Amino acid sequence: MLPGTISVQDPRPAVVQDSPSPNDVLSSALVASQTNSPSITADENHHVADLGLRPPSNVSSSIPSSGEKTLGLDKARFAELYGLGSDMEPILMRHRPYDPATNEYTLPTHAIRLVAAQDQGVDYPLTFHMVADERSADYAQDSQIVDAIEACVKPHGEKLVRLFWKMVQPTYSIVHKATFVRKYSESYRHIDAPLLGAVYLITTNWWHYDPHLSHQPLIDVTVLRQLTLEAIQSSYHRPRLSSIEAILLFLQCKPEDPLNPDHTYAWGLTGQALSVGEALGLHLDASSWEVPNWERSLRKRLSWALYMQDVWTALVHGRPVHISDDDWAVTSLKSEDFPDQDFPDQEQSFIALVSLARILHVVVKQFYSLQSSTLQDTTQLYSKACPLWNSLGSWYLNLPSPLSMDNLPSRQLCANGNVHLAFYAVKISILRRLVRSTALAPLCTDVDVLNTIRQQAHETAQQAIVLVASLRLEHLDAFWYFAAPYYFSVIGSFFVLLLVTSLTPAERDHWRESLRSFLWILRVGCKSNEPMRYAVNRLEGAILRGLEHALAVAVDATSPIVPEATSGHFDADIDGFGFSFPETEGLDFATMNLDAFDFLSNVALN
């Protein structure tokens, strides 16, 4: 015994033998679940077909029955994680008399649900707090809100649902289709109000793609948005996986005023989604939990969707990321985590974007965090960038062929532009940091590093403008991730940075013409694409405003001029990526000052 400790001798025997261990409870529950597998009825098959869903081949594992022990989508109760720091001591949770049939220990006001005998390999169980909906705040309003949402779209609800599966789900697979379709075929009231509203709201973007809806006036989207948001906020009192689905879909919707988006509100809503997700255990690995297989897959997809939302929102708004590697245990996505897809390879876009977001997470931490942002030594930053650059190259080389920009299915919209523009946005995020550092102390005098950075910047910027120019209507009208406006605007912002930090007049002329060309491409495309419209207004109304005279770039009108070779120094036509610095060979970098990397330092701005 350690000195100073007190020994308390309790003569009573410990009464734990009558209560089965968490392992025993889960083992018996597993046997019971295997003898009671869910099935789909003929009537359900009929409704499924009506709603545009082809039942997957592994129907028994993907279409839940009402008797399944779902944790995150229970129809009458909600579940909240008991965290390790809460007053519900995990060691004590080992000794609850859990019912083997339900994996629960029931109390008068709530139940404790056992989902894993061990938590990350540690010998105490993982448990959730289960409470009936009627005990939560605002419960009485649920039916009123869901009826009001349905009234907004009536009688077009089913048509919007069919459009959702066609336009959104293939690229952004965060809804468990089989569950939604089964419930919706019974009644719209069986769908949680926030999810119902979010599905309707996001799908109005493709209203004119339905032959029947295209002849009808568009519903009142403002009222639907307000009701959906009200339902989302109310759902925090009864958090479910559908709450997360709804928030994420809502965040993908175009803002009410696309040219003046409410960035702080979107960032706050993202933070709320992360908080609710943690309460639901979405930061944990659920692959061995005692929940249905389809829920494990759904949880993993929602976890990574939250991860993407966090890191991209942080970059777009210049904020710190919330998710930390220390508190993230979710395993990588695989094709089998998408059991209810309609077509082969449909999941590849989502998986690719998640993989890219993981690289971006490292980029944000190493180059844009509060601590890392003070490092301005270009050579050191370049050394840190090289491994990330290689990771991006490998990611791009390993893209599946269905995600190629050349893969354009006949008479279908194609969302592959999301993947490729996101790739260039991440590359530019690295290069911006490197180019920015050249205009800040300490002065970089390593000619090889400077030339390599400018070379990579030139190649990336030119490839990005070619990609944007190549987008067709099939791309522009497809589903775009919420960060798409940033993808376009950051390319233009990068052109401005390269213009301002040009070392020679020839290079300056090149980037000026490149910027003019990019603005023209955006202006031509913005009539068909909301993200492009945001980008051209962002560039002309904010980023360039006040600098247009010094940069000699008109922001009120653009012309269809493509970059041309300038004085023999650049092979900079729209299809050529060659680049050289003949004028830098005679420069003495040792005698230069930082103003050489920011020509605006010597220009009087009006």
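A Cβ is built for glycine as well, from the same backbone N, Cα and C atoms used for every other residue.
Curation plays no part in TrEMBL annotations; they are all automatic predictions.
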Can you identify, from 1-23, 323-345, the stretch that TrEMBL calls region 'Disordered'? 1-23
For the transmembrane segment (478-500), distant same-chain residues with Cβ under 8 A (at least six beyond the ends): 167-168, 170-172, 251-252, 258, 261, 266, 309, 312-313, 315-316, 353, 413-415, 417-418, 421-422, 424-425, 428-429, 431-432, 435-436, 439, 454, 457-458, 461, 464-465, 468, 508, 511-512, 514-515, 518-519, 522, 529-532, 534-536, 538-539, 543-544, 547, 551, 598-600
In the domain 'Xylanolytic transcriptional activator regulatory' (266-340), averaged pLDDT is 97
Under DSSP, the domain 'Xylanolytic transcriptional activator regulatory' (266-340) has how many residues in helix, strand and coil? 45 helix, 0 strand, 30 coil
